[in-house]
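Student: Mind having a look at this structure? Questions to follow.
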Amino acid sequence: MDQCNANNRDFRQTSAAEAGAVLRIDLSAVRENYRQLQSRLGSTRCAGVVKADSYGLGAVQVAKVLAKEGCDTFFVAHAGEGLTLRAALGQGPAIYILNGTPPGAEAETAAAGLTTVANSLEQLAAWREAARAAGRKLPVALQVDSGMSRLGMMPSEVETLAADASLLDGLDVVLVMSHLACADEPENPANAAQKQAFDQLRAKLPAAPASLANSSGIFLGPDYHYDLARPGAAIYGINPTPGHANPMREVIRLEAKVIQTRTLDKDIGIGYGHTFRTTGQLRAATISLGYADGWHRRAAAGAYFNGVRLPFIGRVSMDSIIIDISALPEGAVKAGDLVELIGSHQTVDDVAGHAGTIGYEVLTGLGHRFHRIYEGG
Ligand SMILES: *Cc1c(COP(=O)(O)O)cnc(C)c1O
C-alpha cells in the first residue's frame, strides 16, 4: 500500500491552463441526489457505494460530502479502496468490501476496521481466522446468491452455515445482503424471484439487518428496501429508471478545449481513414480530447457551444476529435475555447447510448488528464 500505489489520487492534478479538457463535478448535485434517495427510502438507511473511485468521480471527495448528509455506511469493491477511504474518513463510518478480502490481506483489512463481505465459506473461514489472530470479534457481512450467480454464498453453502454455528465463531454478523441482476427492468420476474430467494436464505442465518437494493432496486418499491440500500449510479446522476425521465440531477460537466480551427473546401478527407469527406465548404475545429480520455471511439456524438450542436466528423483519435463548427458564426470559437461534451445538452446516459454501453462504463472510463474542478462541496 505504499510507493507502488497507482491509485487515482497519485495522478498529478492538471492545471486549468495546461489541460486539454475540464471535468466539473458538482458535489451539491451529489448531495441532492443522496437526499432524494434517502427520502424515498423513509426509515431504511441509505449507504453510499463509492467503489472504483466513486465511479471515477473521486471516492474521497464524494464520501466526505455524503458523510455531511448523514451517510455512515460506504461500500467499496476492493480492500485497497477501503484502506484509502478509511484513511480519509477516520474511524467513524462503516466501510464494506464487496468483493471480500483477498487471501492474505485479512489482517491489514481487519486492523483498518473494514468489514469484509464474505461471499463464500472460504472467505468466511479466512475472516474467522483473522478474528482469532486479532484476538477480538470482527464484524462480517454475509452475501447470499439469490439468483445472480456472481458473488455470494450458494444455497448449499447457506445450508452448511445454518447447520454449524461454529462457522461464525469470533464473528459478528452485521449485515445479510444480496444483489439484484435485473433491477433496472421493473417488469422482469427475476426481481420477485430474487426477493423470495433472499428471504428464504436469510431466514436460515442469524438475525441481522438486511440489504438488497442498488439504485434501480430502490425504485422497485418499499418491498425491496429492507434495512439498508446500496445506491451508486443514481448518486452520480445516472438514470436508475431507464426508459423513464431521469429523476436524478446531472453531476458532471465535461468540456474540451479547441486546439485549432480551419476552413476546408469541397471533397476533402477528414481524420483517420478519411471516413468523412466534405461535400461543400466546411469549417472544422479540432478539440483536445480523445479515446485515451475515456471517450469511446464509437461514440460519434456532438459537442455543444452556446447551445449549438457541433457534430463530430471523421474518427475519434486518441487525443483529439474533429468537429464541424459551420453552424456557428465565423470566428465564434477560437483556440482555447471550451466546448461541452457531457452536460445539460448531452448527458452521461446519452453518451453511453452513442457508444452502445451504459453510463456506468462512461463514468468509470473517464481519464486522468482532465483538470478536475469540484463544485459545491
Ligand atoms: C455496484 C454495486 C451496487 C451499486 O449499484 P448501482 O447500480 O450503481 O446503484 C450495489 N451493490 C453491489 C453488490 C454492487 O456491486
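Don't overthink the numbers, they just go from 1 along the chain as shown.
Glycine is no exception: its Cβ is also placed from the backbone N, Cα and C atoms.
Note that the structure is a prediction, hence the values are computed from the model and not measured.
Annotations for this protein, taken from TrEMBL, read as follows:
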- LYS51: active site, proton acceptor (ACT_SITE)
- LYS51: N6-(pyridoxal phosphate)lysine (MOD_RES)
- ARG150, MET318: substrate binding site (BINDING)
- 251-375: domain 'Alanine racemase C-terminal' (DOMAIN)
- TYR272: active site, proton acceptor (ACT_SITE)
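Context for these features, please: burial, neighbours, distances.
Tutor: LYS51 (active site, proton acceptor) has a Cβ environment of 21 other Cβ atoms inside 10 Å.
Within the same chain, the residues at least 6 positions away from MET318 (substrate binding site) whose Cβ sits under 8 Å from its Cβ are GLY290, TYR291, ALA292, listed in sequence order.
Around TYR272 (active site, proton acceptor), the C-beta neighbours below 8 angstroms that are at least 6 residues distant in the chain are GLY314, ARG315, SER317.
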Student: Quick one: DSSP breakdown of the domain 'Alanine racemase C-terminal' (251-375) into helix, strand and coil?
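Tutor: DSSP classes over the domain 'Alanine racemase C-terminal' (251-375) add up to 21 helix, 47 strand, 57 coil.
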